[in-house]
Amino acid sequence: MSENAAERVTKSGFVALIGRPNVGKSTLLNRLIGQKIAAVSDKPQTTRWRIRGILTRPEGQIIFVDTPGIHKPIHRMNERMMRAVEAAIADVDLLLLMTDVTESFGSGDRFVLEMVKRAGKPTFLLLNKIDRLKDKRQLLPLIDRYRREYDFVEYLPISALTGEGVDLLLQSLFEHLPEGPLYYPEGEITDQPERVLVAEIVREKLLMVTREEIPYVTAVYTESFKEENGLLRIHCVILVERESQKPIIIGKGGERLKRIGTLAREEIEFLFGKKVFLELYVKVREKWRENDALLTQLGLER
């Protein structure tokens, strides 16, 4: 932490983004920070661990914690994901419960609300995807439904995609955060290691290119990350559970893997401002979602 950051006392604190899978949490995090730091796709459970995004403004500093979508775990990997959510909730000052206004209130929403109630922390309800509504009055029954369940600090309609309502959200957050120092130097936007950022970019492009075929049985980790004469040399490993899944990722003549690599390389070059040589390998690790050592290597907390 820099000396200036340590001495400056303003509003600051930690805020967790929570909600069901695929409600737009990572899209909102990227919008709030003003730069892409979290993988985004239309697949549920794209986010698998806690991601911190740091926003510093004249009013102070907010450390946003993006969390995996809350769901009932079925694998050891999912159990770790839910522990990451619980740890995030325990460590923050405020909660942002995000819901998709285009979907009806269901059992998944109730499951999330139970976690909010157990935490007992000041919580904002974010009604996301209002850009898809023709009439904002459609929000009223949903707001009333949530109001009967919990005493939220505020009910804020937003669009993480277009940015509508985001400025009002930030204003409200700074009003409710305590006074405190800047926890990170100005200019820093995430505490994610470079290797993790790179692996997440590759995984996002993998999800984009393979679409519905095998999104949940894949993982990516960075095996090597070196800079030589201004060139970043990066080797990433894509894990699958069965030999039959490799051709789906590699594609005919390697075309699909090449497409994943090209998309990832372009984004990594933009992120780091350097030329990148990216190699991707596809390896089979049976039942990797149940392998504790491998899950730790992938960055999932115990």
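Each residue, glycine too, has its Cβ placed from N, Cα and C.
Because TrEMBL annotations are produced automatically, they should be read as predictions rather than curated entries.
Pulled from TrEMBL, these are the features on record:
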BINDING   19-26, 66-70, 128-131  GTP binding site
DOMAIN    11-179  domain 'Era-type G'
DOMAIN    210-286  domain 'KH type-2'
REGION    19-26  region 'G1'
REGION    45-49  region 'G2'
REGION    66-69  region 'G3'
REGION    128-131  region 'G4'
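This view paints the features noted in TrEMBL onto the structure.
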{"residue": "GLY19", "record": "GTP binding site", "DSSP (3 states)": "strand"}
{"residue": "LYS25", "record": "GTP binding site", "DSSP (3 states)": "helix"}
{"residue": "THR67", "record": "GTP binding site", "DSSP (3 states)": "coil"}
{"residue": "ILE130", "record": "GTP binding site", "DSSP (3 states)": "helix"}
DSSP assigns the residues of the domain 'KH type-2' (210-286) as 33 helix, 30 strand, 14 coil
Any idea which of the binding-site residues ASN22, THR67 has the thinnest Cβ neighbourhood at 10 Å?
-> ASN22
Integer average pLDDT (0 to 100) for the region 'G2' (45-49) | 49
